[in-house]
Amino acid sequence: MATLEPIAQPGKLIVFTGPSGVGKGTLLRRLLQLHPVLYLSISATTRQPRPHEIHGQHYYFVSRETFEQMIERSELLEWAEFAGNYYGTPRDPVVEAVEQGRWVILEIELAGARQIRDTFPLAQQIFVLPPSIEELETRIRRRAQDSESAIARRMARARVEIDAADEFDFQIVNDDLDQAISQLETALFVEMPAPAEMPIKTSLELSAEPGD
Ligand SMILES: Nc1ncnc2c1ncn2[C@@H]1O[C@H](COP(=O)(O)OP(=O)(O)OP(=O)(O)O)[C@@H](O)[C@H]1O
Ligand SMILES: Nc1nc2c(ncn2[C@@H]2O[C@H](COP(=O)(O)O)[C@@H](O)[C@H]2O)c(=O)[nH]1
């Protein structure tokens with residue numbers, strides 16, 4: 001029997017946006033467990049680490065001075081200020097992974113997503129919506145990582161981001177987690193199949209098959 005080989009094709013950039021607290025991180029953790037072929041970019045931020053967060057795994061936690069140097073040296077693919085802190089995507093690891101044919105996910109807020117749309121028009125853009133604005137606030141509060149003023153800033157920004165959901169190629173409501181994962185898989189692998197999901201036979205193997 002002929003063996004199957006994946007099509008060699010360039011990687012893809014996938015932008016994953018939605019209001020803070022909607023569950024992007026939760027969805028992506030689950031998605032990456034199910035599909036280790038996906039590559040999640042690690043952002044740089046000037047925000048203080050949360051108790052469970054590890055430098056180099058969840059974020060690169062840097063000073064404002066270091067971040068501003070990264071901007072000046074064009075080391076970031078995109079960046080934005082969000083709720084009083086800088087966030088940005090280090091350019092080199094993303095470009096290398098895409099060149100290696102990987103599917104790279106950027107979990108970023110709206111201003112960064114718009115920058116990527118300008119610089120990489122072929123990037124696939126997915127927006128995650130909450131079932132309601134009340135449930136979004138409940139999730140942020142239940143996570144218990146933000147002060148009252150930070151919650152107010154995040155909720156104000158959430159309204160602006162939700163209003164921009166139509167700009168994105170796909171919108172997914174994160175109500176039931178399993179259903180949201182399944183919609184996400186459809187967006188990623190059916191609407192835009194991953195190379196690893198599209199095995200083909202080499203022309204040599206096809207011509208060697210009996211009955212042809
Ligand atoms: N489908 C869901 N139903 C109920 N709770 C959820 C669901 N998805 C995520 N959550 C919870 O909502 C909270 C926020 O989730 P998470 O931290 O993944 O959001 P986020 O969008 O990554 O936020 P941020 O952008 O601020 O990092 C967490 O406590 C998480 O367990
Ligand atoms: N433009 C960018 N936004 C980013 C990046 N990394 C994360 N984010 C977004 O920031 C907010 C807040 O995140 P939190 O971890 O402090 O809750 C959230 O919407 C993230 O998606 C980035 O590199 N660029």
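Don't overthink the numbers, they just go from 1 along the chain as shown.
Just so you know, glycine gets a Cβ as well, placed from its N, Cα and C.
Record features (TrEMBL):
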| type | residues | note |
| --- | --- | --- |
| DOMAIN | 11-189 | domain 'Guanylate kinase-like' |
| BINDING | GLY18, PRO19, SER20, GLY21, VAL22, GLY23, LYS24, GLY25 | ATP binding site |
Listed binding-site residues with Cβ under 6 Å from ligand 2, out of GLY18, VAL22, GLY23: none
Other residues, Cβ within 8 Å of GLY18, PRO19, SER20, GLY21, VAL22, GLY23, LYS24, GLY25 Cβ centroid (ATP site): VAL128, PRO130, LEU136, ARG139, ASN174
Number of other Cβ atoms within 10 Å of the Cβ of LYS24 (ATP binding site) across all protein chains: 21
GLY25 (ATP binding site): tally of other CB atoms within 10 A of its CB: 15
Cβ atoms near PRO19 (ATP binding site) (within 10 Å, other residues, all chains): 26
Within the predicted model, mean pLDDT of the domain 'Guanylate kinase-like' (11-189): 94
Cβ neighbour count within 10 Å of VAL22 (ATP binding site): 26
Binding-site residues compared (GLY18, GLY23) - highest count of Cβ atoms within 10 Å: GLY18
Neighbourhood of GLY21 (ATP binding site) by C-beta distance under 8 A, where only residues 6 or more apart in the same chain count: PRO130, LEU136, GLU137, ARG139, ILE140, ARG143, ARG154, ALA158
Cβ neighbour count within 10 Å of SER20 (ATP binding site): 22
Structural state of GLY25 (ATP binding site), classified by DSSP into three states: helix
